[in-house]
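Trainee: Annotations per TrEMBL:
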BINDING   Arg22, Gly23, Ala24, Ala25, Arg65, Asn209, Lys210, Lys235  substrate binding site
ACT_SITE  Cys130  active site, proton acceptor
ACT_SITE  Asp199  active site, proton donor
Amino acid sequence: MDDRVHPEVRRTATEIDTMEIRGAATIADAAARALRTQATESDAADAEAFRAELRAAARTLHETRPTAVSLPNALRYVLRGMSSTTVEGLRQNVVDSADEFCARLERAQADLGQVGANRLRDGDTIMTHCHSTDALACVEAAVEQGKHIEAVVKETRPRNQGHITAKRLHELGVPVTLIVDSAARRYLNDVNHVLVGADAVAADGSVINKIGTSGLAVNARDRGTPITVAAQTLKLHPGTMTGHTVDIEMRDTAEVVDDETLAELGNPTVKNPAFDVTPPRYVDAIVTERGQFPPESIVILMRELFGEGTSEPWAEP
Ligand SMILES: O=P(O)(O)OC[C@H]1O[C@H](OP(=O)(O)O)[C@H](O)[C@@H]1O
């Protein structure tokens, strides 16, 4: 462990790793705040030492979970703001960039919610998978518009993030039906929309989201149920424009089955991928704070936002 990295940054990294801090937007927010702390508490002797410290902190955060691109996008945003040549100037750069990033994130989610809400009609029932603050922003805005929305919520094994969604929807006054994941096809007949979030969106419009999303999307398409992905532009993956693939996180098998049960079963191999890839042909719309896009056209927005360059600012010069 690099001892230049502030304990608060290490704590945030651990909490992202163990998923006490989870959800793509929430992870990005926490990472930006951690870099801010690194900057405000730094006693670096000169500008170069300060820059090296911030890069080390960013690498510590970056090494936690590989799939949600909001994390590296947050780190890029804050690090690229470092333009000064003095320690005090750089400190202020980081504070300003981190604050601006967090404010933009909040605003983007609210704006995205308005766009997503326009896709929902009064009396609609949605089906959700996992817990996405971007997806819930759409429901919240629809409710604020006076629409009555109901929800069928998939529990989302193995970590049951569907429970968080159920609770949050209940707080919004949305009646919830909780189902096991394998009941999704049965209940697709009863819903008007599938509404999910994203951890990353690739240049070809593929959506990387919680494991089970792709099967849900295929079933929804088969049933003729529209699939909306709520993903602020922070989820667009610039590396995919230059041919990189998105790394799918494999998590601990203990999330699926405990050691005792595993032994009783004769120690089978257990696989626990956290995410899967839904091809663009199964997605009707990607809702962002910049409006809604058919998945195939998302690359145009990506070029506008990121250009073509994708070098990582936390790499050593
Ligand atoms: O940014 P928001 O919309 O909140 O979340 C986006 C996505 O992050 C979650 O991943 P995890 O639970 O962290 O593995 C889910 O896959 C969810 O759809």
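A Cβ is built for glycine as well, from the same backbone N, Cα and C atoms used for every other residue.
What TrEMBL says about a protein is an automatic prediction, not a curated fact.
Not measured: the values here are computed from a predicted model.
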Trainee: Rounded to an integer, what is the Cα-Cα distance in Å between the residue listed as 'active site, proton donor' and Ala24 (substrate binding site)?
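Mentor: Taking the Cα atoms only, the residue listed as 'active site, proton donor' lies 6 Å from Ala24 (substrate binding site).
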Trainee: How many other Cβ atoms sit within 10 Å of the Cβ of Cys130 (active site, proton acceptor)?
Mentor: 27
Trainee: For the residue listed as 'active site, proton donor', what is the tally of other C-beta atoms lying within 10 angstroms of its C-beta?
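Mentor: The Cβ of the residue listed as 'active site, proton donor' has 30 Cβ neighbours within 10 Å.
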Trainee: Whole-number answer please: how many Å between the C-alpha atoms of Asn209 (substrate binding site) and the residue listed as 'active site, proton acceptor'?
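Mentor: Given the Cα positions, Asn209 (substrate binding site) is 9 Å from the residue listed as 'active site, proton acceptor'.
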Trainee: Hey, what's the Cβ neighbour count for Arg22 (substrate binding site) at 10 Å?
Mentor: 19
Trainee: Which ones in the same chain are close to Lys210 (substrate binding site), with CB under 8 Å and 6+ residues apart in sequence?
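Mentor: His129, Cys130, Thr156, Gln161, Val196, Asp199, Ala274, Phe275, Asp276 - these are the non-local Cβ neighbours of Lys210 (substrate binding site), listed in sequence order.
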Trainee: Out of Ala24, Ala25, give me whichever of these binding-site residues has the highest number of other Cβ atoms within 10 Å.
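Mentor: The residue with the densest Cβ neighbourhood is Ala24.
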Trainee: Cβ atoms within 10 Å, counted per site: which of Arg65, Lys235 has the most, among these binding-site residues?
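Mentor: Compared across Arg65, Lys235, the most Cβ atoms within 10 Å surround Lys235.
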Trainee: Within the set Ala25, Arg65, Lys235, which binding-site residues show a CB-to-ligand 1 distance under 6 A?
Mentor: Ala25
Trainee: Enter the number of other CB atoms within 10 angstroms of the CB of Asn209 (substrate binding site).
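Mentor: Excluding its own Cβ, the number within 10 Å is 30.
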Trainee: List nothing but the largest Cα to Cα distance in Å, as a whole number, among the residues Arg22, Gly23, Ala24, Ala25, Arg65, Asn209, Lys210, Lys235 that the record says bind substrate.
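Mentor: Roughly 14 Å, rounded to the nearest whole number.
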Trainee: Beyond Arg22, Gly23, Ala24, Ala25, Arg65, Asn209, Lys210, Lys235, what residues of that chain have CB atoms within 8 A of the centre of the substrate site's CB atoms?
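Mentor: Everything else in range on the chain: Thr26, Ile27, Thr67, Ala68, Ser70, Cys130, Ser132, Gly197, Ala198, Asp199.
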